[in-house]
Amino acid sequence: MTTSMQPSKYTGLVADLMPNIRAMKYSGLFMHNFTGGSAFMKKVYSSVHLVFLLMQFTFILVNMALNAEEVNELSGNTITTLFFTHCITKFIYLAVNQKNFYRTLNIWNQVNTHPLFAESDARYHSIALAKMRKLFFLVMLTTVASATAWTTITFFGDSVKMVVDHETNSSIPVEIPRLPIKSFYPWNASHGMFYMISFAFQIYYVLFSMIHSNLCDVMFCSWLIFACEQLQHLKGIMKPLMELSASLDTYRPNSAALFRSLSANSKSELIHNEEKDPGTDMDMSGIYSSKADWGAQFRAPSTLQSFGGNGGGGNGLVNGANPNGLTKKQEMMVRSAIKYWVERHKHVVRLVAAIGDTYGAALLLHMLTSTIKLTLLAYQATKINGVNVYAFTVVGYLGYALAQVFHFCIFGNRLIEESSSVMEAAYSCHWYDGSEEAKTFVQIVCQQCQKAMSISGAKFFTVSLDLFASVLGAVVTYFMVLVQLK
């Protein structure tokens, strides 16, 4: 008896990434939760895709083993094998680590916001959603275009392979079936019905393999986009949070005293406090040019100042008021806002940690495979002697492989930049005008955010633009070794 997994009303990351999740399901990946249908039939559907992919990948490996004598042929077949290794690796990796993917998606499955910051939360969420959808659309469009170009270029140039002539000890061309991929088949794929079947099967293999690999990568990058926009949200509300604390605080200390010199011989005068010296007429128009500079749009309403023990008409103080001069309701308002910020930041930290645990090993395998593939491609690029099919093929492989690596690194680097700037945002806000609790909060934020968040490849490297530069450096080094061995 099969069970039916009916979709329900999802929120958070699951709802935002539903187009990606559905595409993963329909393409055959083992992403079975969050969508309707029979669980058994979905497993059968994915298993059939896996069998087809493994079968064709095995044929590619056999072809590489059978044509290992000629160096250029071996190099080209190795590049093709490494290219499709990404696809097989991520397909199987997702199948084995389904629970980790589901856990990461479910980390952000509830709506948790604060009424004072709901507008900012919604704005940055909409920005993240737009970026994730745009990334999904562009990557899928590029994938289909790449598969189409791969199929089209098959009909140009000579369909041959190079073999070693043992009599003359030289390489000679041998005609092979005109197929998108050089592959071994246990049947005669040179003409007739078997040729049509082989050609259609390879088109399916090229398209779906690239879709599988890129869908997994898009989900990973979408997680990073969401985390970065949440950090933007937290940085954006830091200043109004401090201004809220200052506006609710009935005791307004002289902020200039915070910067007083401790030297006993100092002759400097403190800045006059207009609250204690109302007669001072100081023109501030040259310093603050707009209400936004004062943060007026974030000030709490005046009714918040009238909370008190005498029907709200007093000065806001009650017996046993806290040292900051806040009433209980005012103190609750400030504390709830501070608590919201802390809990949201902890939520982002948990999300980033889950992303690294879920996709770190896949990143490690991808980078190892890409480094070897890019090295061989650089070697193959030295064989280009004109504008021909070979040149387009090598450049296409090279551009696609570099784009995949850069795709990871640019989003990983943005996560590092956004998380490292949280401490700067906390220090830059007007914390010295806030309550004592707010000042303590800023101090804790600065301490906790000294180390930037990052994604690691199974603890071996950090995903950033530095990694991209390191990969290019390693490729150049290995390329020089290959040239010398030539």
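Keep in mind that glycine also has a Cβ here, set from the backbone N, Cα and C atoms.
Other Cβ atoms within 10 Å of the Cβ of ASN169 (N-linked glycosylation site), summed over all protein chains shown, number 7. In the three-state DSSP scheme, ASN169 (N-linked glycosylation site) is classed as coil. Swiss-Prot lists ASN169 (among others) with the feature N-linked glycosylation site.
Annotation source Swiss-Prot lists N-linked glycosylation site at ASN188 (among others). Secondary structure from DSSP puts ASN188 (N-linked glycosylation site) in coil. With a 10 A radius on its CB, ASN188 (N-linked glycosylation site) counts 11 other CB atoms from all the protein chains.
Broken down with DSSP, the topological domain 'Cytoplasmic' (1-47) shows 24 helix, 2 strand, 21 coil. Summarising the annotation, Swiss-Prot assigns topological domain 'Cytoplasmic' to 1-47 (among others) and lists a curator's inference as the type of evidence.
Swiss-Prot lists 69-75 (among others) with the feature topological domain 'Extracellular', giving a curator's inference as the kind of evidence. Note: the topological domain 'Extracellular' (69-75) comprises 5 helix, 0 strand, 2 coil (DSSP; helix = H, G, I, strand = E, B).
Under the heading topological domain 'Cytoplasmic', Swiss-Prot lists 97-135 (among others), citing a curator's inference as support. Tertiary neighbourhood of the topological domain 'Cytoplasmic' (97-135): same-chain residues 10-14, 16-17, 19-20, 30-34, 218-219, 221-223, 225-226, 228-230, 232-233, 236-237, 240, 244, 336-337, 340, 343-344, 347, 350-351, 354-355, 357-358, selected by CB-CB distance under 8 Å and a gap of 6+ residues from either end.
For 157-191 (among others), the entry in Swiss-Prot reads topological domain 'Extracellular', with the evidence type a curator's inference. Packing against the topological domain 'Extracellular' (157-191) from elsewhere in the chain are residues 56, 59-60, 62-63, 66-67, 69-70, 72-73, 76-77, 80, 150-151, 197-199, 202-203, 205-206, 388-390: each is 6 or more residues past its ends and has a CB under 8 Å from a CB in it.
The topological domain 'Cytoplasmic' annotation in Swiss-Prot covers 213-351 (among others).
On the 0 to 100 pLDDT scale, the topological domain 'Extracellular' (373-390) averages 85 in the predicted structure. What Swiss-Prot lists as topological domain 'Extracellular' is 373-390 (among others).
According to Swiss-Prot, the topological domain 'Cytoplasmic' annotation covers 412-462 (among others).
The transmembrane segment feature in Swiss-Prot is assigned to 48-68 (among others); the stated evidence is sequence analysis.
Through the fold, the transmembrane segment (76-96) approaches residues 24, 29-31, 46, 49-50, 53-54, 57, 60-61, 63-64, 67, 181-182, 205, 209-210, 212-213, 216-217, 361-362, 365-366, 369-370, 372-373, 376-377, 380, 397, 401, 404 of its own chain, all at least 6 residues removed from its boundaries and within a Cβ separation under 8 Å. Annotation source Swiss-Prot lists transmembrane segment at 76-96 (among others), citing sequence analysis.
The transmembrane segment feature in Swiss-Prot is assigned to 136-156 (among others).
Swiss-Prot lists 192-212 (among others) with the feature transmembrane segment, giving sequence analysis as the kind of evidence.
Counting residues 6+ beyond its ends, the transmembrane segment (352-372) has Cβ neighbours under 8 Å at 82, 85-86, 89-90, 93, 97, 100-101, 103-104, 107, 216, 220, 223-224, 227, 401, 404-405, 408, 415, 419, 453-461, 463, 467, 471, 474-475, 478 in the same chain. Feature annotation from Swiss-Prot assigns transmembrane segment to 352-372 (among others); the stated evidence is sequence analysis.
Residues or ranges marked as transmembrane segment in Swiss-Prot (evidence: sequence analysis): 391-411 (among others). Away from its own ends, the transmembrane segment (391-411) comes close to residues 79, 83, 86, 139, 142, 146, 149-150, 153, 217, 220-221, 224-225, 228, 363, 366-367, 370, 373-374, 377-378, 380-381, 383-384, 463-465, 467-468, 471 of its chain (Cβ-Cβ under 8 Å, at least six residues beyond either end).
Here the transmembrane segment (463-483) has Cβ contacts under 8 Å with residues 363, 367, 370-371, 374-375, 378-379, 382, 405-406, 408-413, 416, 454-457 of the same chain, all six or more residues outside its ends. Residues annotated as transmembrane segment in Swiss-Prot, with sequence analysis given as evidence: 463-483 (among others).
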Report yes or no: does the transmembrane segment (136-156) come within contact of the transmembrane segment (48-68), defined as 3 or more CB pairs under 8 Å with a sequence separation of 6 or more?
no
Between ASN188 (N-linked glycosylation site) and ASN169 (N-linked glycosylation site), the C-alpha gap once rounded to whole angstrom:
28
Against which stretches of its own chain does the topological domain 'Extracellular' (373-390) lie, if we need a Cβ under 8 Å and a gap of at least six residues from its ends?
72, 75-76, 78-79, 82-83, 153, 156-157, 397-398, 401-402, 405, 471, 474-476, 478-479, 482-483
